[in-house]
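Annotated features, as they stand in TrEMBL:
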DOMAIN    251-378  domain 'SSD'
DOMAIN    753-879  domain 'SSD'
TRANSMEM  222-241  transmembrane segment
TRANSMEM  248-268  transmembrane segment
TRANSMEM  274-299  transmembrane segment
TRANSMEM  320-347  transmembrane segment
TRANSMEM  353-378  transmembrane segment
TRANSMEM  418-438  transmembrane segment
TRANSMEM  729-747  transmembrane segment
TRANSMEM  754-774  transmembrane segment
TRANSMEM  780-802  transmembrane segment
TRANSMEM  822-845  transmembrane segment
TRANSMEM  857-880  transmembrane segment
Amino acid sequence: MNLKNALVKKLYKHPRVILGIILGITLFFALQLPRIRFDNNNFRFIPESDPARIADAEMAKIFGDSVPLLIGIQRRYSTIIDYKFLEKMQELDKQLLALPLVKSVVSLTTTTHIEAAGDSIVSGKLVPEHLTGSPEELNTITERLRSLDTYNRSLVSDDLKATQTIIFLNVKQEESGSPETIAVCRKVMSIAEEWDFPDSVAYVTGAPVFSEIVNEATSHDLMFLVPIVVIVVAGVLFFSFRRFTGVFLPLLTVIISCIWAIGAMALLQIPLTILSTVLPVILIAVGSAYGIHVINHYFDEVTQSKEISRETHSAQIVEAMSRVIPPVFLAALTTFAGFVSFCFTSVVPIFEFGIFSSFGVLSAFIVAVTLIPAILILRGPRNPTIGGRFGVQPSHTGIIDRIIADTLMIVHAHKRSVLLISLGCIIFAGLGISKLVIDNVLMEYFEPDVQVVRSDTFIRENFGGSKLLNLIIKGTKQGDVIRPDVLQAIDSLAVYAEENIPEVGKVTSLADVIKRFNQVYNADAPAAGLTPTGANSTEKGEKDTFGDFGDFGDDDTTTPLDKTANSAVTDTVVNTGVETQKERAYTFPEIIEKLAAAQAARRGRYVSATEVIDALKKDINYKGAAYYEIPTDPQKYGKETQEELSMLIQNYLLLMGGNVQDFIDDIHTPATLKVNIQLRTVGQHDSEQALQAIMAYVKANFPKDISVEANGSMFIEQSLNTLVVQSQLISVAVSFGIVFLILAIYYRSIIAGIIGIIPLMISVALNFGFMGIVGIKLNIGTAMVASFAIGIGIDYTIHYLAAYHHECTKRRDDRNFLIHTFYGSGKAILFNAVSVGAGFAVLMLSKFNMLSELGLLIALVMATSSFASLTVLPTILSIVKPRFITKALPGDSTEP
């Protein structure tokens, strides 16, 4: 007896101890399962050290941090300007404000509106708190909404048939998937579901909503897919072995390994994500292979004798295990290597998946080579009855084995065809890879008819969009960011982006607030400009032209862009003290002249009625229309220098107080501005196109001493895409490297390592080529397929090499050793591939498109890698005739 057999015999000397230890560990991990939780917050998917997260954290320090939830309400046949509907909206706001973690609510009925009234500025609710429902009141609300572009696609849709409510939660972005946040999210979703106003429907979206929907789908997949994959694998096992033992024991081992892996996640407080959902499916599909090989050797080498003693039975099990453990260990080790390669990534869910899938693979191997033999030893010998337990006669080298072996021999006889087909596959793969798209589109996780997708589509089509891009504006010194030329550049960017960049839905910034305040402040001023007041009129000790604002800047009122409209706001009246223009009648020629001027000022080929009316309003300064602008002309404002205009803007900021805190770091010593750009994009490619167009405009039109940096949620997705690509390259390289080393060391030959990875390279290339041809994107889920292909597909190469090596060394002078190799490995490899592929194919029933694609791709990989191992590998071995294949390894027995 050699050392290997002695160690194996010692391992199985106390089968009851093995059984007790495994049951104890299983019970321990099973008790941890109730502690498992879900967290699919996309923000958590990238590490804290990522530049996008660092930039987001820095922005949060300056402007604050909060997580938005969006409720969109649409009316099909009527507009939102309806007395009963507005009352219902007020009730909705009260419900939302009463929820925990709600920081503020911005809606049609909470927004504050400022307007001119004679010589004063009146600040009050856009929608009166105590509605009367009179036609005059509703007309006033409509006029207010139409009078200010800020409301359009922010509070209301273009056709006034939809409105948007934004709930800001007092949590950080990385906490949007926390249990507390999800609890509030569920309440908001429940409130939206209970919305029952006639002729209206409510939609809810936002990062927490998406996380909650993904959590629900993840839970559903676990409950739905795991039983199915168990049934599928059980069916494959039954078809392979036709015995209860051959079905039950492999399934028992993988179920135990699943309990260990998921229990370890719960123990270490690692939440389940959309990726770790597939962990049980993978372990059942992959881990069953180890049990299959153990049981296969047991049936082949132990149950051939009908009448054997318990001692003989145990000895035969030990002998069989001494043969099966090395190749199964090698298979588990390479699969472990494939899964460990996921740990060389910064994408958090992939990293976590790598840790616990590797642990699960080792668990499945340990349980398969300890528990199964221990149970078989304790059970003792069984005399097989005709038909076995299930009434079907098992076959050792039956017709299926013969058909598979004969077919593979025919294929092997056409080596040139095998090589040409392999070359064709590589060319096909290259063409497909050139078309491969890299994008991680969250909304494409689900089918278009899923509620969260419909909600996001509704927000994108009717409002600014659900994806946010922020521009951070800084100058060389304090105060630069409120210079007229800087604010004018920001305002011009907004106009350009909304009109010329299709992906941009809405741009909001401090420029909008300054323009509105400037408009209402100068509503009665002469259209031509103000009377000069002297160069130093606003310096300390001199009287300015602002009049008495009292405590206007200190009250709790808000601008339409503010987020702090939580409490009732009383009307605030401010006297402007600005000189007013006198009314006069225009002659008919003057009206024609003004119409002609309005037409000449058109931006396009044709002029619209709206453009003509707007031009006329500016010409006569109707309700301050001539001053709805950034003050850039000193002469128009009675000033002499740009510095004086900056001081004017500074005074506006002081008067507005905390109402501009979302856009500026400090109203007294401003150094940083933030511009919010809402994108209507879905994928990262469209977002990047919009960003490039925006930054190109900034480079060409912004003052050279002003710096502009971009960040926001789109950069989180951009970083995720980048990390996915990096992780793919690293994982594949690490997987191939480890597999190469394992084979080279095991067979003591570099050539063995090179030959062993060739079938895998073909399989991986075909996988990416297929993805490119059929349009499957490389995302956070499908990025893992290549490492799966290497980690799992290498099993077939290992088992074929082991069988080939065994038969070659055993039958040195027998030219028919190859047919014996196919008899010994062909059916086992193909059945293993079918078992694993069928197990993964169950993922195609997932609620997630990403996981469905993952299941399809892995099933394809199992097919290509197994076929390559049984066709390409024998061809290469017969052509190259490497030395390692004929050399005996330590512990090998060459006895026939």
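We count from 1, first residue shown onward.
Glycine is no exception: its Cβ is also placed from the backbone N, Cα and C atoms.
Whatever TrEMBL says is automated annotation, not expert-curated.
The transmembrane segment (222-241) shares more Cβ pairs under 8 Å with 822-845 than with any other stretch in the list 353-378, 822-845, 857-880. Only residues 6 or more beyond the boundaries of the transmembrane segment (754-774), in the same chain, are considered here, and those with a CB under 8 A from a CB of the stretch are 422, 425-426, 428-437, 732, 736, 739-740, 743, 782, 785-786, 789-790, 793-794, 796-798, 801, 857, 860-861, 864-865, 868-869, 872-873, 876-877, 880, 882. Counting Cβ pairs under 8 Å that are 6 or more residues apart, the transmembrane segment (248-268) and the transmembrane segment (780-802) reach fewer than 3 and are not in contact. At the 8 Å Cβ threshold, with sequence separation of at least 6, the transmembrane segment (353-378) comes into contact with the transmembrane segment (274-299) through 3 or more pairs. With respect to Cβ pairs under 8 Å, the transmembrane segment (729-747) is most closely packed against 320-347, considering the stretches 274-299, 320-347, 780-802, 857-880. Counted over residue pairs 6 or more apart, the CB atoms of the transmembrane segment (418-438) and the transmembrane segment (857-880) come under 8 Å in at least three pairs, which marks the two as touching. Mapped onto DSSP helix, strand and coil, the domain 'SSD' (251-378) counts 108 helix, 1 strand, 19 coil. DSSP labels the residues of the domain 'SSD' (753-879) in these numbers: 111 helix, 1 strand, 15 coil. The stretch from 274-299, 822-845, 857-880 with the most CB pairs below 8 A to the transmembrane segment (780-802) is 857-880.
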